[in-house]
Amino acid sequence: MRTGLGYDLHRLVRGKKLMMGGVHIPFKKGEKAHSDGDVLLHAITDALLGACGMGDIGEFFPPSDKKWKDANSSELLSTVWERISEAGWKIQNIDCVIIIEEPKILPFREEIRKSIAGILKIEKEQIFIKAKTGEGIGIIGRGKAVAALASCLIFCRHTQE
C-alpha cells in the first residue's frame with residue numbers, strides 16, 4: 001500500500017467557469033489556469049502520481065505545451081489513471097479538502113463524488129470530500145483563489161490476490 005498527497009491552487013477571475021471535480025459550479029468567477037483549472041482533479045491527479053512515484057501533473061501535461069491549453073481536467077485524470085492502473089495499482093480511497101470562500105460546495109458534493117468515481121471507475125463511497133473556507137484570511141479568504149488538497153491510498157492488485 002502507498003499513500004499520495006496532492007495540492008493545487010488557482011486564482012478566481014470573472015469570465016471563467018468554476019470547475020470542481022469535473023462538475024461545473026454556477027458562480028460569478030472561475031479558475032484562471034492553462035487548462036480548465038479544476039483544482040480538485042489536479043490535486044487528485046498529483047496525489048495518485050505521487051503515490052506511484054510517477055512524478056506530477058506538470059511533467060505529464062506541461063503548461064508550456066499549447067496542446068494542453070484549456071484541457072479538460074477529467075480527461076487528464078483519466079489518462080493518468082489509465083497509465084497507473086495498467087501498472088497494477090488500484091485505489092483504496094481518496095480524501096479531499098476544497099478550500100474556497102464561496103460558493104458553498106455542500107450542495108454539489110454528491111455530484112462531484114459521482115463525477116470523480118466515474119472518471120476513475122471506482123465506487124463513490126471510496127471518495128470523501130470536505131469543504132472549508134479561508135475564514136476571510138489570505139487570498140482564499142478574500143475570495144480571490146481556490147485550493148484543494150487530496151490524499152489517496154492505493155495498493156497493487158498483484159499483491160492482493
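In case you wondered, yes, glycine gets a Cβ from its N, Cα and C as well.
As recorded in Swiss-Prot, the features of this protein are as follows:
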{"type": "BINDING", "residues": "ASP8, HIS10, HIS42", "note": "divalent metal cation binding site"}
{"type": "BINDING", "residues": "ASP8, LEU9, HIS10, HIS34, SER35, ASP56, ILE57, GLY58, ARG142", "note": "4-CDP-2-C-methyl-D-erythritol 2-phosphate binding site"}
{"type": "SITE", "residues": "HIS34", "note": "site 'Transition state stabilizer'"}
{"type": "SITE", "residues": "THR133", "note": "site 'Transition state stabilizer'"}
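Annotated features taken from Swiss-Prot, shown on the structure.
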residue	record	contacts (Cβ under 8 Å, 6+ apart)
ASP8	divalent metal cation binding site	VAL39, LEU40, HIS42, ALA43, ASP46, ALA147, ALA148
HIS10	divalent metal cation binding site	GLU31, LYS32, ALA33, GLY37, VAL39, ALA145, VAL146, ALA147
HIS34	site 'Transition state stabilizer'	PRO63, TRP68, LYS69, ASP70, ALA71
SER35	4-CDP-2-C-methyl-D-erythritol 2-phosphate binding site	HIS42, PHE61, TRP68, LYS69, ASP70, ALA71, ASN72, SER73, LEU76
ILE57	4-CDP-2-C-methyl-D-erythritol 2-phosphate binding site	HIS42, THR45, ASP46, LEU49, LEU76, VAL80
THR133	site 'Transition state stabilizer'	ILE99, ILE100, GLU101, GLU102, ILE140, GLY141
ARG142	4-CDP-2-C-methyl-D-erythritol 2-phosphate binding site	GLU101, GLY134, GLY136
Legend entry - CB contacts for HIS42 (divalent metal cation binding site) [other CB atoms within 10 A, all chains]: 28
Inset, instruction - Could you say whether, by DSSP, THR133 (site 'Transition state stabilizer') belongs to a helix, a strand or a coil region? - result: coil
Inset, instruction - List nothing but the largest Cα to Cα distance in Å, as a whole number, among the residues ASP8, LEU9, HIS10, HIS34, SER35, ASP56, ILE57, GLY58, ARG142 that the record says bind 4-CDP-2-C-methyl-D-erythritol 2-phosphate. - result: 29
